[in-house]
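Per Swiss-Prot, these features apply:
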- E389: active site, proton donor (ACT_SITE)
- E462: active site, nucleophile (ACT_SITE)
Amino acid sequence: MRKIIPINNNWYFKADYEEGYEKVDDLRSFENVNLPHTNIELPYNYFDEKMYQIKSCYKYPLHISEKYRDKVIYIHFEGVMAYAQVYLNGLYIGEHKGGYTPFDIRIDEVYDWKKELNMLTVVVDSTERSDIPPKGGQIDYLTYGGIYREVSLGIYDDVFIKNIKVETHGIYDNEKSLNLIVHLENLNHQSGNVKFKVKINDKNGKEVFYKEFNTYLDAVKDVYSFNIENLKDIKLWDVDNPNLYEIKVGMKINNFSDEYDNKFGFREAVFKPDGFYLNGRKLKLRGLNRHQSYPYVGYAMPRRVQEKDAEILKNELHLNIVRTSHYPQSKHFLNKCDELGLLVFEEIPGWQYIGNSEWKKVAEQNLREMITRDWNHPSIILWGVRINESQDDDAFYKNMNKIAHEIDPTRQTGGVRYITNSSFLEDVYTFNDFIHDGINKPLRKQQEVTGLEHNVPYLVTEYNGHMYPTKRFDNEERQMEHCLRHLRIQNASYLDDSISGAIGWCAFDYNTHKDFGSGDRICYHGVMDMFRLPKFASYVYKSQVSPDIEPILEPVTFWARGERSIGGVIPLIIFTNCDYIELQYGNKTKIDNIYPNRDAYKGIPYPPIIIDYDIVKPEMIGAWGMVWEDLTLKGFYKGNKVIERKFSREPIPTYLYVVPDDTILSATQKDATRIVVKILDQYGNLLPFINEVIKIEIEGPAKLQGPNEVALIGGA
């Protein structure tokens with residue numbers, strides 16, 4: 001049998017842990033909380049990061065039905081930051097180092113069946129311990145604290161399926177195959193004849209395979225492998241058509257049984273010296289890095305919000321890859337990447353610092369836990385086995401690569417560095433290239449970076465970021481240059497076949513330590529802010545999609561004559577995927593058939609339109625002394641107008657835009673959604689310099705995250 005019971009509601013929390021709390025049963029001084037939970041709610045900015053670097057205590061009064069007395073019972077933690085010590089009825093039963101990977105603690109052997117309630121206690125150390133990655137040195141992000149992911153109770157028979165791994169083969173054949181590897185937990189060393197039932201369904205629930213396998217269960221063997229062949233009419237998983245299959249593995253031996261299910265996809269992902277190939281098709285990778293942090297609550301966001309980030313990256317920014325900087329991220333985020341067709345480069349926790357031998361052991365364990373949790377995700381195409389931007393440590397990294405390849409021989413490894421001529425021990429040379437300062441070349445040639453005389457599989461994993469921090473409320477000129485830097489680098493990536501792609505720094509602004517950022521504990525490095533609201537630079541990525549899917553027409557302007565130095569709006573950069581546009585300035589100037597600037601940007605699929613004085617004269621578009629007029633832009637695709645934008649010469653607050661991402665939330669578990677508030681002008685455009693205070697009131701069984709009075713930031 002298998003029964004998984006979520007235990008996320010009605011925990012009890014105390015922020016000021018004192019020795020002996022693990023034996024306390026009186027919960028009157030504890031706060032009632034639900035998981036995911038942050039150990040302290042932080043301000044949006046200007047706070048002391050030591051606020052969350054505390055030792056806290058969580059308690060859960062646990063009742064397990066008497067009918068499970070003879071079963072094997074585990075508590076499963078998805079993520080606790082950063083060092084967890086677990087107790088049951090005051091008795092220590094286990095611990096875990098590392099805040100980004102899951103762990104299990106067995107409790108059936110110590111559970112007191114005579115008690116109505118057993119007290120589960122988790123002491124959480126969220127201080128920056130130097131023995132746990134990524135801690136030990138300076139870190140350009142915050143790690144927050146608490147039991148910030150979900151917890152569940154797992155109830156099993158003496159023999160149960162601990163994990164399965166699906167390795168697909170022959171993806172170009174008419175009849176495909178796979179190797180199913182089943183990992184068992186055989187706690188009492190049972191032996192005898194065992195039957196495995198394997199069923200595979202497509203995304204519509206249609207059965208595509210069923211077979212029973214009979215074998216012998218060896219008391220000391222815990223891994224069993226089965227070849228499944230002659231799979232017909234199988235559809236490949238791809239970024240455009242992410243076909244997923246569900247596999248269900250049933251097991252029965254003596255009086256014990258179990259069933260384990262997971263999802264997977266048939267696909268081949270390979271980095272080569274001349275680029276990246278997905279299912280034999282060369283694909284230029286275009287992506288951004290993602291931190292899993294949010295305003296106020298840090299990492300502690302539930303499933304819906306984690307999934308929303310994947311939707312933003314894939315469906316709003318039209319990326320085809322994301323890097324999980326700099327740690328394994330929520331299973332809900334990764335599951336959504338599988339569903340949407342968003343490729344993932346997942347890496348271990350770390351940031352520049354390499355610790356002592358004990359620290360390295362934790363890093364090795366983090367790597368094992370990451371891969372065994374996530375090895376069936378078709379979206380994951382690369383394991384990051386190196387501490388981000390660390391110096392070379394050949395012995396350590398040879399071992400990390402060995403571990404990754406032993407656990408998962410089906411994927412390549414990468415190791416992100418910023419140093420050139422680094423020891424190349426992985427399968428893919430992954431490099432943070434910050435060469436571009438707005439003037440010089442956008443990207444280095446790979447041999448200039450690697451120091452090798454031949455090309456190798458090569459991926460740019462960061463660019464821009466700290467080179468040009470930009471706020472959503474910055475002036476138009478700075479935001480325009482921010483756009484151009486992202487544009488130049490993406491264009492250069494597309495023009496160089498030896499570069500598999502480029503992953504920019506980064507998708508969203510994020511909180512950071514005092515040693516970094518703009519002094520207010522925020523790094524404004526994103527193409528969106530912390531609330532996932534777009535900056536102009538997001539249009540570089542947003543526009544890289546077929547107009548058949550979504551026509552895009554986004555000018556980089558507030559449409560104000562005096563916003564830029566000296567004045568005017570020329571050059572006017574317009575990010576679009578239209579064939580051409582038409583410009584109308586008031587009733588005075590009309591220019592037809594303005595085409596994208598393919599001469600300047602030959603690489604990127606959809607280059608921007610740049611309107612300069614070769615296209616329009618100053619007097620045609622409101623020179624000084626002339627009357628400022630409205631702007632109308634019309635985008636055309638295949639000869640038809642598909643999109644139109646208007647900008648007012650005299651914008652005034654006209655609309656209060658209040659739109660939630662979701663209108664229905666779960667009442668049975670912790671849930672959350674974002675509500676976007678904007679002040680718009682008469683044409684529906686954001687008013688970027690309005691900073692009015694808004695007051696938020698909630699009716700019904702919901703709680704606001706953050707303050708109930710906030711000032712608009714850049715109009716939203």
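Using the three backbone atoms N, Cα and C, a Cβ is placed for every residue, glycine included.
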Close in space, distant in sequence - the residue listed as 'active site, nucleophile', Cβ under 8 Å, 6 or more apart: N289, S325, V416, Y418, N432, D433, F434, I503, G504, W505, C506
DSSP-derived class (H/G/I helix, E/B strand, else coil) of E389 (active site, proton donor): coil
Cβ neighbour count (within 10 Å, all chains shown) around the residue listed as 'active site, proton donor': 18
